[in-house]
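Trainee: Mind looking over this structure? Questions follow.
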Amino acid sequence: MFQTLYSYFWWERLWLPANLTWADLEDRDGRVYAKASDLYITLPLAFLFLVVRHLFETYVATPLAGLLNVKEKIRLKATPNAVLEKFYAATSKHPKQADVEMLSKKSGCTVRQVERWFRRRRNQDRPSLLKKFREASWRFTFYLIAFIAGMAVIVDKPWFYDLREVWKGYPIQSMLPSQYWYYMIELSFYWSLLFSIASDVKRKDFKEQIIHHVATIILISFSWFANYIRAGTLIMALHDSSDYLLESAKMFNYAGWRNTCNNIFIVFAAVFIVTRLVILPFWIMHCTVVYPLDLYPAFFGYYFFNFMMVVLQSLHIFWAYLIIRMAQNPLPSPLPLQVVEDERSDREETDNSEEEEEAAKNGPLSNGHPVLNNNHRKTD
């Protein structure tokens with residue numbers, strides 16, 4: 001049974017053009033080709049990444065946070081209350097007004113006390129500012145190094161300047177050692193992100209992040225054993241070109257460096273839109289959709305690869321929408337510090353009872369006045 005499924009999965013007509021077999025991609029005459037078995041090393045490397053990340057966050061990111069004066073907010077703890085805790089854990093962290101009134105009667109607390117208790121309890125569960133800073137520091141470091149390494153791998157290659165060279169001689173294209181390590185490190189890193197996503201800061205695009213990580217892992221893996229390596233290296237370097245800018249903006253955001261954060265975010269937004277909404281669909285995807293058909297008829301692997309590219313492109317459009325929303329600012333400054341975080345991560349809830357009551361009626365306050373929010377509802 002297993003052997004039959006294995007044979008069907010690796011059927012050449014699924015992954016290779018017509019008249020080609022896996023035997024054509026066996027090492028010979030000094031040529032070395034990518035093999036599916038090479039990818040096994042990425043799983044232990046992913047766990048090694050998790051160890052390196054822990055050491056980095058402990059011995060590099062934490063001292064850096066101290067140097068940048070990353071300060072934690074003092075959070076008032078919710079008073080122990082069995083009735084409210086049971087509802088919080090089993091039913092909802094955001095009780096409706098009818099639930100608040102019911103809980104008020106059951107617990108013997110006033111309505112205001114119940115609302116305050118839930119606010120404080122939610123704040124207790126929110127990740128600390130230091131945790132957010134450490135995560136952003138780790139991702140910034142990796143994406144910056146990966147982008148520099150990726151450019152070093154591809155900048156001297158002819159297909160970096162002429163995309164038709166991506167398919168010249170395909171699939172008989174020998175693999176370079178630099179391409180091997182670039183692939184293994186990138187794939188291992190995305191495995192590590194997938195393994196740690198449950199314990200990382202949970203953002204509002206949590207589901208989209210999972211889809212992105214899975215799609216990226218599938219796309220990198222397929223492009224490896226189908227020998228789409230030239231296209232794969234271009235795609236990975238293109239993605240890394242903007243990610244480190246976003247993470248650095250977050251770092252300065254958490255450190256309270258408002259102007260620096262705003263300026264970096266503007267640069268990130270420009271790079272993201274140009275690379276993900278212009279270069280990727282109109283150059284790279286055009287290269288993967290149109291040029292291969294000049295060499296061989298379309299086959300399953302061709303459709304599968306480009307389908308995964310469409311999935312990633314759809315996520316890019318979604319994130320571009322969020323970026324544009326973040327850049328829309330009704331306040332005088334070019335980009336409000338809090339907006340950089342609000343769209344994708346939970347906001348700290350204030351514990352000032354008077355402002356809370358006013359906010360419930362009129363929306364969030366800033367210096368005693370309602371803040372415009374472009375008619376978008378902010379959720380916790």
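Cβ coordinates are placed from backbone N, Cα and C, and glycine is handled just like the others.
Copied straight from TrEMBL:
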{"type": "TRANSMEM", "residues": "39-56", "note": "transmembrane segment"}
{"type": "DOMAIN", "residues": "67-128", "note": "domain 'Homeobox'"}
{"type": "DNA_BIND", "residues": "69-129", "note": "DNA-binding region"}
{"type": "DOMAIN", "residues": "131-332", "note": "domain 'TLC'"}
{"type": "TRANSMEM", "residues": "140-160", "note": "transmembrane segment"}
{"type": "TRANSMEM", "residues": "210-229", "note": "transmembrane segment"}
{"type": "TRANSMEM", "residues": "264-291", "note": "transmembrane segment"}
{"type": "TRANSMEM", "residues": "303-324", "note": "transmembrane segment"}
{"type": "REGION", "residues": "338-380", "note": "region 'Disordered'"}
{"type": "COMPBIAS", "residues": "348-358", "note": "compositional bias 'Acidic residues'"}
Trainee: May I have the DSSP-based helix, strand and coil counts for the residues of the DNA-binding region (69-129)?
Mentor: 36 helix, 0 strand, 25 coil
Trainee: Over the domain 'Homeobox' (67-128), what is the model's mean pLDDT?
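Mentor: Residues in the domain 'Homeobox' (67-128) carry a mean pLDDT of 83 in this prediction.
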